[in-house]
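For reference, TrEMBL has these:
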type     : residues : note
TRANSMEM : 12-33    : transmembrane segment
TRANSMEM : 45-63    : transmembrane segment
TRANSMEM : 128-150  : transmembrane segment
TRANSMEM : 176-198  : transmembrane segment
TRANSMEM : 236-261  : transmembrane segment
Amino acid sequence: NGSSNLKLGIVFLTQTGVGILGNSLLLCLYIFTSLTRHMLRPTDLILIQLVLANNLVLFHTGVPRTMAAFGLKSFLNDAGCKLVFYFHRVARGVSLSTTCLLSGFQAIKLHTNTSKWLELKVTFPKCFGFCCFLCWILHLLSNIFITLHVTGPRKNKNMSVGKIYEYRNSPIPNKFVVLLHAVMFSFIGVTCLGLMAWSSGSMVSVLLRHKQQVQHIHSNRLPPKPSHEAGATHTILALVSICISFCFVSFILSLWVTLIVNPSHWLMNISALASSGFPTFSPFVLLGSDTVPLSFSLLLGKKN
C-alpha cells in the first residue's frame, strides 16, 4: 500500500544518501591529499577505486529503488534498464575484488619473516595500477550477459514470459546459459571471498603472535602503544568482515529471488538493501581509522 511504499522509499533514500555522502567525503579527502602534494600511500589507489565502485553500486541500486518505492514504476526504458543493472553488477564485482586486493596486500605486508615475502611486499604495490585496471576489464566483460537478457518494461506483462520487477523486466533465458553464467560468477565471488578469508586468518595469526611477543618483552614495563600497522590491519579486518557478511546475506537472498517464479516485493527490496549494505557502511569504517589521508589530519590539527 501507499504507507508501506513511502516508508520503504524513505529507507532506500536514507541508505543511498548516507552511503553516497560517506564515500564522496572519503573521495574528497584523497583528492585533497593529492592536491596538497602529500605522497599517497600504496593502498590509496585501491581505496579510491573502492570508494568509486561503492558509489556506483549505491547510485545504480538505491536511486532506481527509491524512485520505484515512491511510485515511479516502469520509468526506465530498455536501454536504461540494461545500463542500470549492468553497471550495478560491474560495480559490485569491482568492490568485492578491490576489497580482496586490499586484504591480500595487508596480509603480505605483515609477513616479513622470509625473503620471498619481503620481495613480494616491495613488488606488489607496483602492480596496483594494473590490478585495478584488470578488475574493471574483468567485470565489464563478464557482465555483458546482463545486457542480453535484461530488458525494459513491456506492454504485455505476462508473468509466464519472465519475472516482472519494479523497474525492469528480466526474461528467463536458456537454462544452460543461466547455469554457465551462475558458475562463472560463483567462481569469481567464491575465489574473492576465499582469498579474503585466508588473508584475514593470516593477519589475525600474525597479530596474535606479535602481541604475545610484545607482552613477553614488556612484561615488566609499561604496555606499548599500538603500532600504525596494527591499526591499519584492524581496519582492514573490520572492512573484510563487513564485506563477507553482507556478501553472504546478499547471495542467499539473490539466490532465493532467482529461484522463485514470482518473488514478493519485500523479498526483492530486502535483497536490494543487503546488496548495498557494504558500500553504505565501509566508508565510515575507513573514516574512523588511520587510513584517512595525512593532509586532512594535519589540516584539522592546524584549525584546532
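The backbone N, Cα and C atoms fix where each Cβ goes, glycine too.
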Statement: In the same chain, residues at least 6 away from the ends of the transmembrane segment (236-261) whose Cβ sits under 8 Å of its Cβ atoms read 96, 99, 102-103, 106, 159, 163, 189, 193, 196-197, 199-200, 203-204, 267-268, 270-271, 274-275, 277-278, 281-282, 285-286
Message: Using a Cβ cut-off under 8 Å, which residues of the same chain at least 6 positions beyond either end of the transmembrane segment (45-63) come close to it?
response: 12-13, 15-16, 19-20, 23-24, 26-27, 30, 84-85, 87-88, 90-92, 94-95, 98-99, 101-102, 105, 128-129, 132, 135, 272, 275-276, 278-280, 282-283, 286, 291
